[in-house]
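**Student:** Please read through the structure below; I'll follow up with questions.
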Amino acid sequence: MNSPVRRSLEVDFLRGVVLIVIALDHIQGSVLSRFMLHNYAYCDAAEVFVFLGGYASAAAFMNVATYRSEHAAKRRFVVRAWEIYRAYLFTAALMLLAGAALMLGHVDSPVVGETGWGDLLRHPVGTLLGIVTLRHQPFLSAVLPMYTLFALCVPLSVPLANRRPAVALFASLAVWLAGAWLARVLPSADPGGWAFNPFAWQLMFMLGILCRLHPVSNAFQVSRAGRSLTVAAIAVALTFAFVKLCLETQATPGYMKQNLAAVRVVSFVAIAWLVAQAVRMQAVRWIAERLPAVVTVGKQGLVCFVGGTVVSIGVDTAVRLARGPAWLNGLAGDAVAIGALLLLAAVAQKWKAQKARPAPLRGAAVPARAGRRDG
C-alpha cells in the first residue's frame, strides 16, 4: 500500500518564519521588524503566507484525492473552510476583548480603535451581526475571511489548475485585473472595503497552487534560461531595495496592498525565484533541520496565527508602557513574542498528538511488573 506524501520541511519552515514575522510586524517598536521584507521590497509576509497557503492547499488536496478520492478531498476543504471561519470568529472575539482590556487599562494605543470595541459599545447587536456576516472584521482577524473563501474555492481551483494550468492562470489574472471592481460585491461596513480584497489576492494563492502542481524542474533552473531569470530576479530585488531604502520618502498607499498592486506581484515573484534557488541548493533545508521549533510553528499555522494576534497586541502594549531605552524594550518584546509563538506551537502539537492517540481498550489486561513478588 502506498503511503501519503510527507509534508515539505522547507514549506513548513518558511510558513513558521512568516508567522513569526507577521507577529513582529504588528509590534510597534519591534527591532527585528526593521529588517523584514517590507523594508526593502514592495511585498511583505502577507504575500509569502498566501502563496504558501495555496501551495500547501494544493498538496493537501492532491494527497487526499490520490489516496482516498477527489470527493473526499473536496469535502475536506469544505470542512476546512468552516474551521477557518470559526477561527475568524474566535480571533474577532479576542480582538474585542483586547480592545476592552486596553480601554479599561487606559492604555493610549491606536490598537484600541482598530479592535472594534468602540463599535461594540455603540452598536452591540449590529456589530456582532456584522462580525458574523463578515461586514465587520476587527483588526488582525481581517485576513481570515479571505482564507475562508479560498478554502471554499480549492475544490474547483486545484482540479482546474492540475488539468488545465494555462486556463487557471489566465482566469486568475482576469479576476485579479477586475479585483477592485469586483470587491464592491463584498459585504463591508467600512467604505474602503475589506482589508484584503480576495478577488485580487486569489492571484497569489493561485500562483502557489500552480507552483505545487507544476513545479519548475531543477534542470531548467540551472539552464541558461534559468540562470538568466536568476540574474533578472537579483536585479529586480536590488532595484526595489534601492528605491525603498534610498529614494522613497513616504509609505506606499494602503490600497496597493489591499488590491495586490502589480508592483507587489513583481517584487514577490523576484524574491520567490531567489528563494527557490536556495531551496534547490538545500540551503533552506539545512537551516530548517537546525530550527525544528520554527518548523513546528509552520505546522500549527492556524493556531499560531490566532495566538499570534494576541501575542502581538500584548507585547505591543508592554513595549509602549515600558520604560528605558526604546531599542532594548523593542528587542525584549521581540524575544518574548518569538518565545511565545514557539511555546504555543509546541503545546498545540503535543495536544493534537495526544488527541489523535487511540484510547486504550477498557478491561484490557495489564501486564504484571517484572520481578513482582506475591505475599
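Cβ coordinates are placed from backbone N, Cα and C, and glycine is handled just like the others.
Sharing the record's features from TrEMBL:
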- 12-36: transmembrane segment (TRANSMEM)
- 48-66: transmembrane segment (TRANSMEM)
- 87-107: transmembrane segment (TRANSMEM)
- 139-158: transmembrane segment (TRANSMEM)
- 165-183: transmembrane segment (TRANSMEM)
- 195-213: transmembrane segment (TRANSMEM)
- 225-242: transmembrane segment (TRANSMEM)
- 262-279: transmembrane segment (TRANSMEM)
- 291-315: transmembrane segment (TRANSMEM)
- 327-348: transmembrane segment (TRANSMEM)
**Student:** Residues of the same chain, at least six outside the transmembrane segment (165-183), with any C-beta under 8 angstroms of its C-beta?
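**Tutor:** Here the qualifying positions are 157, 193-194, 197, 199-200, 202-203, 206-207, 209-210, 213-214, 259-260.
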**Student:** Short question: which residues 6 or more past the ends of the transmembrane segment (139-158) have a Cβ under 8 Å from it?
**Tutor:** 26, 46, 53-54, 57-58, 61-62, 73-74, 77-78, 80-81, 84-85, 87-88, 91-92, 94-95, 111, 114-116, 168, 194-196, 198, 201-202, 205-206, 209, 213, 305, 309, 312-313
**Student:** Have the transmembrane segment (48-66) and the transmembrane segment (87-107) got at least three CB pairs under 8 Å, pairs 6 or more apart in sequence?
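**Tutor:** As far as Cβ distances go (cut-off 8 Å, pairs 6 or more apart), the transmembrane segment (48-66) and the transmembrane segment (87-107) do not touch.
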**Student:** Output the single range from 87-107, 225-242, 327-348 maximising the number of Cβ pairs under 8 Å to the transmembrane segment (291-315).
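**Tutor:** Looking at each of 87-107, 225-242, 327-348 in turn, the most contacts to the transmembrane segment (291-315) are made by 327-348.
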**Student:** Do any residues of this chain, six or more beyond the ends of the transmembrane segment (262-279), have a C-beta under 8 angstroms from a C-beta of it, and if so which?
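**Tutor:** The answer is 10, 14, 37, 41-43, 47-48, 51, 203-204, 207, 216, 221, 229-230, 232-234, 236-237, 240, 256, 285.
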**Student:** Counting only residues 6+ away from its ends, which parts of the chain sit with a Cβ under 8 Å from the transmembrane segment (12-36)?
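**Tutor:** Distant contacts of the transmembrane segment (12-36): 44-46, 48-49, 52, 56, 140, 275, 284, 287-288, 291, 294-299, 301, 304-305, 308-309, 311-313, 315-316, 319-320, 326-327, 329-331, 333-334, 337-338, 341, 345.
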